[in-house]
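I have placed the structure first, in the form of structure tokens, so that the comments after it can refer back to it.
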Amino acid sequence: MHFNRFLLALPLAAGSFANSFHVRDDEKPVQDIKINKQFIIQVEPGTNLEGLKKELSSNNQAKILKTFDSDVFTGVTIESDGYNVDTLNSIDAVKQSWPVSKVELPPLEDLAELVQVNEASNYSIHSWTGVDKAHEAGILGKGVKVAIVDTGIEYTHDALGGGFGASYKVSGGYDLVGDGNWPIGALAPDDDPMDKRGHGTHVAGIVAGKTDWFTGVAPEAELLAYKVFSTDSNTYDNILIEAFIMAYEAGADIITCSVGAAGGWSNGPWATVASNIAEKGVIVTIAASNSGSYGPFYANSGSSGKDVLAIASAKAGTLAASPFELSLTLDGKTTTSQVGYRYNYYPWTFKGMKIYPLYNDTTRDNQACTTDDIPENTPDLSDVIVLIKRGQCDYLEQEFNLISHNVTQLMFYNNGSSPDDPISWLSRSKALVEKEVGEAIVETIKAGGEATVDFQKYADAKWYMGMYNGVGNRPSYFTSWGGLFDMDLKPDVAAPGGEILSSWIGNTWRIASGTSMATPYAAGVAALYLSKFGGRATQGAGVSKAFNNKVITGGSSMPWSTVDKTYPDDTGFWAPTIQAGSGLLNAWKLLTYTTTLGSSKWLLNDTEHFTGTHSVEVTNNADTEAEYEFNLQPAAGVQAAPSSGVGVALLNQINPVEMVPSVSMPSGTFKVGAGETKTAEFTFDYPRGLDESKQPLYSGKVLISSSLGEQLSIPYFGAAYSLREAYKDIFIAGTPYIRSPTYDITQKSNFTFDVRLDGSTKQDYPKAYASFAFGCDELRWDIYESGWKESSWSFPPVVGEGGYLGAATSFRDSGIKTYFDPTKDDKENTVPFPIRATPRNIISVPVAGYDQYRFFWLGKLANGSYINPGKYAMRFAALRPLGDRTVSTDWDIWDTPEITVLPLSD
């Protein structure tokens, strides 16, 4: 078996850079607004839904697509050419509304090997999370229902029960989309959630898979499968909402979902519904996303919900390796062991070949890293396996330096590094074994014994051994960073997500990486917790919050890590909480600790909105008094300002910086009696003397240790600068701009709105481009009568009042097409402004046509009518961070000239 690595990652939002800054009409921005002309509308429970639907559909203004009448969400989904969020929110019965948004399935990069399983193995990652202890104690998830919202589940897989229905592991669920190509084609829902893609099956194996050799986190948990992806890689948040509600009403104790889109607000529709469900006692885990390379403030949409657990990824502490048989003979006695190894290109088939250690000193580093280091008495090495310690030099140097001794096969024993595949451009056979294995071989031979190998015995085996990963239990380089744009702290906690083995379609197995893998691991831990303490049926609605508090406060801090490291290092910094949450989850703490904390995180906000006073209720559930000690554990601070331009730095521009807040903690002894609760008070002050222009972000944890040997913690997060001041110019310099077709609006401010294709320069409609330095909660493009001034502005604008004529619309596919093609495209396929919850852009210096949002206004207004010839004023504006929508100065307003709409000639 050879293990190629692949990543289940959310799609990248940035493309390659243009060769020049000249704007060409055929350039393709990579940012897509990901919404359509459908809307999700929420109303208060008890609202007359039939009356609302009648009002919405009057005069054919809207088509009712779906009605939700649940205690976690009441409302409707509509399709409309006549409404926007302004007009919908003005309806008395409407609590809030959102445009329906696209959500993407994490794609596969570098497909890994599919393998059949036929023997036993010792592969497991559970020792790093305390799950192994839970299993030893007989806590296996029995009696808990876990709903998986994904691509479905291959329930016929050997590890997943072999069938579907009440008597099987996958006991229920639903296919909400069908096996066709929706959303390109039609929805075709049915009651069979069979997985055709693999992603959901991999997730299911992590949660509850079980064979003779493989054990998921909660192998006795019951699974529900809700399929929200067809053969296409896109779905929409209204489908996710429907799936979540179905899972809730089917009695799910836990809902887990490993999909999402760039977000950063807790009040989106999917996040809102997920939070509502969590408030009812269902534990909800959603992936934090895999956009770590984009740096801070790039959170996922669904996992941003207030009571939702956003799960970050950690590199696994144990990786999968192929097996071989090692025989050590000393004093006439032979010991035979199964050993794991990794190899270059092809698996080994040697049998009976002896191992020759080049050095007898296992403490010696950099073996064979130079020719001078090679022992003088080294013989011809052509008929032995040469054993050397992996050095700080690379495999190529060690191999090259032994060529003169006719080396043909090399076995490296690890030095505490990541057990990667020992590949170099030289073609000799190479293998890597664990440090302890190599040292045992050396010590045996040094004592007069011998070591032989048999790689043929397991040559056809398709199972795995475990191999220690020296750089495991650190944040995965790809895991997305928070916080949210309102300065909430996300992600919440981390779980193993780097190089995880699990089930795959076709009754096979696959190794994958991503927060997609970490999220079901956390859901499995939740199943262990509920199987011991009971779910919402026995503990009530508070069980979800209780679990969240426990799993977050029980997290173990991880070292700073922003790259896929090979060699372990110690920077002296802990990972920021906006990267890894409280750290790696610990199931055993959840199940056995007697101390509980009433808070799970402290939000310090920015300097303008600083909140420094916090408290926590410490409850001692032990049968004896406990004394508690409080200590500050600051994490690495980061400077979020990019190296050039405006906005937020990419991950490769970020380095750890010491940023330590001052904290006043409880003084003297802090004792809590058996069964009692006591409140501890804390007062923070943000780190002073920092350069605010560099946008310093600080975080860490307050450690709470008890005399009973327990240690919990509360993570904190703050910005030592003002967000509103840093991003008052939320538009990245050089944007917005409007062109038609190649002239800037400052050169040509008249438009015919001609979309005909009889010559590329004939088309004449405004194409607006914009890039955002920070998340934009609302982007408006409003049309007013000629002569209108900002002093007359009010919010929300009402058509017919104060010169307001209505909001513009944008051709739905503006972000993925370079022009409107009337032979293929529908002019009515538009989305209305305002546009809400737009993620920040990636590139801090504008590059024409790349990483920009693009909007084609074809002349249609949000109420469905078209603009008439005449002269008009426009207001193109973005709400500044933490801004008040009703205050004009809280908007970044682009100064545009008045436009003239010309009659369209034949």
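Here the Cβ of each residue, glycine as well, is placed from N, Cα and C on the backbone.
Here TrEMBL flags ASP150 (among others) as active site, charge relay system. DSSP assigns ASP150 (active site, charge relay system) to a strand.
When secondary structure is read from DSSP and collapsed to three states, HIS199 (active site, charge relay system) falls in the helix class. Annotation comment: TrEMBL describes HIS199 (among others) as active site, charge relay system.
What TrEMBL lists as active site, charge relay system is SER516 (among others). In the three-state DSSP reading, SER516 (active site, charge relay system) counts as helix.
Sequence annotations record features per position, and here TrEMBL assigns domain 'Peptidase S8/S53' to 141-534.
Feature annotation from TrEMBL assigns domain 'C5a peptidase/Subtilisin-like protease SBT2-like Fn3-like' to 604-716.
The signal peptide annotation in TrEMBL covers 1-18.
Between HIS199 (active site, charge relay system) and ASP150 (active site, charge relay system), the C-alpha separation comes to 7 Å. Looking only at the domain 'C5a peptidase/Subtilisin-like protease SBT2-like Fn3-like' (604-716), the predicted model's pLDDT averages out at 97. Of all the active-site residues listed here (ASP150, HIS199, SER516), it is HIS199 whose C-beta has the fewest other C-beta atoms within 10 angstroms. Across the range of the domain 'C5a peptidase/Subtilisin-like protease SBT2-like Fn3-like' (604-716), the DSSP-based residue counts are 6 helix, 55 strand, 52 coil.
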